[in-house]
Amino acid sequence: MSLLIEQARYHLSAHNARQLPDDGGYEVAFAGRSNAGKSSALNALTRQNSLARVSKTPGRTQQLVFFQIQPERYLVDLPGYGYAKVPQDLQAHWQAFIDRYFRTREALRGLVVVMDIRHPLKDYDLQMLGYAAERGLPAHGLLTKADKLGRGQQMQTLQKVKKEVSSRFGDSVTVQTYSGESRQGVDELRGIVGGWLGLDVEPPADA
């Protein structure tokens, strides 16, 4: 399964609904606030150093970026939340686009919300988890940069976040700690994402 995920390649970028791929198959979306480590997590997941561009400019991702693993198997990089330098009309466009994507996209099978373990469950994170809950989709909270905290602090934050998401969203959200520096949690993330994409079993020959 991990070898399949490593086959991910850039497919297309969508600025509006007309540019999205056909709505079939399996997609897993990744969302995260600026500098939460979303691009780095995608690169670690696929064992590629530059699949998702890592930018020092907050909110640089201004489109839905699709990475194809196999036909009808995609990882989707959602726009980073960092719109301070973006005009209000463009902010409104992205809000409407993402809202429509979550409400109508049949191929969407799960959502990974990437959060800095030192600053979890901000308003944007809860909004994204809420989108998944409204659709009845599973979500996974990825607490990144775990190496910045001691083991005890990691576990304390993990339990606190688990308790909070459980009270808000029930058992539809799972949570883990993760570090790109030490590769802590990469295999766990692969298992979650691979399961949602149907990569834990052989896909149909005509997929």
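Note that the numbers count up from 1, one per residue, in the order the chain is shown.
A Cβ is built for glycine as well, from the same backbone N, Cα and C atoms used for every other residue.
What Swiss-Prot records for this protein:
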- 24-199: domain 'EngB-type G' (DOMAIN)
- 32-39, 59-63, 77-80, 144-147, 178-180: GTP binding site (BINDING)
- S39, T61: Mg(2+) binding site (BINDING)
Neighbour tally for Q63 (GTP binding site), based on other Cβ positions within 10 Å of its Cβ: 16
Winner by Cβ contact number (other Cβ atoms within 10 Å) across the binding-site residues N35, S39: S39
Predicted model, mean pLDDT over the domain 'EngB-type G' (24-199): 91
Among G32, K145, Y178, which are recorded as binding-site residues, the nearest neighbour of S39 (Mg(2+) binding site) by Cα: G32
Candidate with the highest Cβ count within 10 Å, taken from the binding-site residues G32, P79: G32
Local Cβ density at Y178 (GTP binding site) - other Cβ atoms counted within 10 Å: 26
Binding-site residues: K38, K145 - member with fewest neighbouring CB atoms within 10 Å: K145
